[in-house]
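In what follows, a structure is listed as structure tokens, so that the remarks can point back to it.
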Amino acid sequence: TLSLSLAYTSPRRWLNLQEYQSKKLMQDSGVTVQRFFVADNPTEARDAAKRLNAKEIVLKAQILAGGRGKGVFDSGLKGGVHLTTDPAVVGELASKMLGYNLTTKQTPKDGVKVKTVMVAEALDISRETYFAILMDRACNGPVMVGSPQGGMDIEEVAARTPELIFKEAIDIFEGVRDDQALRMAANLGFKGPLERQAADQIKKLYDLFLKVDATQVEVNPLGETPQGQVVCFDAKINFDDNAEFRQKAVFAMDDTAESDPIETEAAKYDLKYIGLDGNIACFVNGAGLAMATCDIIDLHGGKPANFLDLGGGVKENQVYAAFKLLTADPKVEAILVNIFGGIVNCAIIANGITKACRELELKVPLVVRLEGTNVHEAKRILSESGLPITAASDLDDAARKAVAAIAKK
């Protein structure tokens, strides 16, 4: 089977880019993409279609969710992707997309409001291939992965026909050599002058990979047109969150409109938050401990309201921000704090908890289990606070008490 293991270092959250934004990044690096314009009103969309002066035009609603082609708008329009030869029709279709909610198999049931459309030149594809550059732990660096079987799930190709998957490790100091790029192009099935053209695209994609600090650039399909052009038709780019400090322009494009607003707010404080459908809020340091906390709450008959990981280097303001997020959720009927202080100083957590309880006037039961660095000082801070905090001796005890606290209400 194909290993697509990616090496990420402490990612905070995914950077979400719309399709046109990824295409623009590729275009800026010399990668061949369809000619396109972006519009946020029907008149702009129609004018863009005229400017393209193309034989056929594709109009695409810009949302992050997949399955747009089979989606439905609350305007009654079916499909978020349409082909036409008439710019006037582009304007009419855009008027039924922009400002309306598009529902697909990947959106919430009410759909997602479309604020932008992409108007692009439609190109015929005579052959589809798959190409990606990604970080591979086994190679301790970037690798190229390609297959002449594109336009489908690559994992499926790897399972059915592993001999059609080709890998090339990239020397981080040398970059992609000419012979490597040409070999990959040949393995992808490009012949004659198209082989050199595909090799050039591969090298430019690696330049993009480096330039934007990507962890993955996946092009599916990397297609061949009847006119003899090699074109990147669709791409997914993943970025290294730790490079945000030097990729300001890229990270400024982050589209959070479709994200959970609580998750977006949590990310501002470097908190990893995922909302669940229970009523016991979890406040934990470390992803493994957070998952164990959710499991043990469930074991004792409760339901976790969230997964919240404080991480290692916790500051008092993060504790306060976390409490503010948890108490803002109307489903929350109790809060369970479970801290194992290795890197984390338990006293910082305790000070943050007491400050949050007072300033936010906490109205729900609070169960706290602390263990590790400076735990005696932390327990003293909590006990002398005069706040109605229930102490727990271990995780099992904490889960029991949190579930019991709700049962008493």
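Every residue gets a Cβ built from N, Cα and C, even glycine.
Copied over from TrEMBL, here are the features:
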type	residues	note
BINDING	Gln34, Gly67, Arg68, Gly69, Leu123	GTP binding site
BINDING	Asn220, Asp234	Mg(2+) binding site
BINDING	Asn285, Gly342, Ile343, Val344	substrate binding site
DOMAIN	16-223	domain 'ATP-grasp fold succinyl-CoA synthetase-type'
DOMAIN	284-403	domain 'ATP-citrate synthase/succinyl-CoA ligase C-terminal'
SITE	Glu56	site 'Important for substrate specificity'
SITE	Asp124	site 'Important for substrate specificity'
I need the most crowded of these recorded positions: Glu56, Asp124, Asp234. Count other C-beta atoms within 10 angstroms of each C-beta and give me the top one.
Asp234
With every protein chain in view, how many other Cβ atoms are within 10 Å of the Cβ of Asn220 (Mg(2+) binding site)?
21
Separation of alpha carbons, Asp234 (Mg(2+) binding site) and Gln34 (GTP binding site) (Å):
10
Taking Cα atoms as reference points, which of the recorded positions Glu56, Asp234, Val344 is nearest to Asp124 (site 'Important for substrate specificity')?
Glu56
Determine, to the nearest whole angstrom, how far the Cα atom of Glu56 (site 'Important for substrate specificity') is from the Cα atom of Gly342 (substrate binding site).
61
Pairwise Cα distance for Arg68 (GTP binding site)/Asp234 (Mg(2+) binding site) [Å, integer]:
14
Just give me the nearest neighbour of Gly67 (GTP binding site) among the binding-site residues Asn220, Asn285, Ile343, Val344, Cα to Cα.
Asn220
Let's see if you can do this one: DSSP helix, strand and coil counts over the domain 'ATP-citrate synthase/succinyl-CoA ligase C-terminal' (284-403), in that order.
57 helix, 24 strand, 39 coil
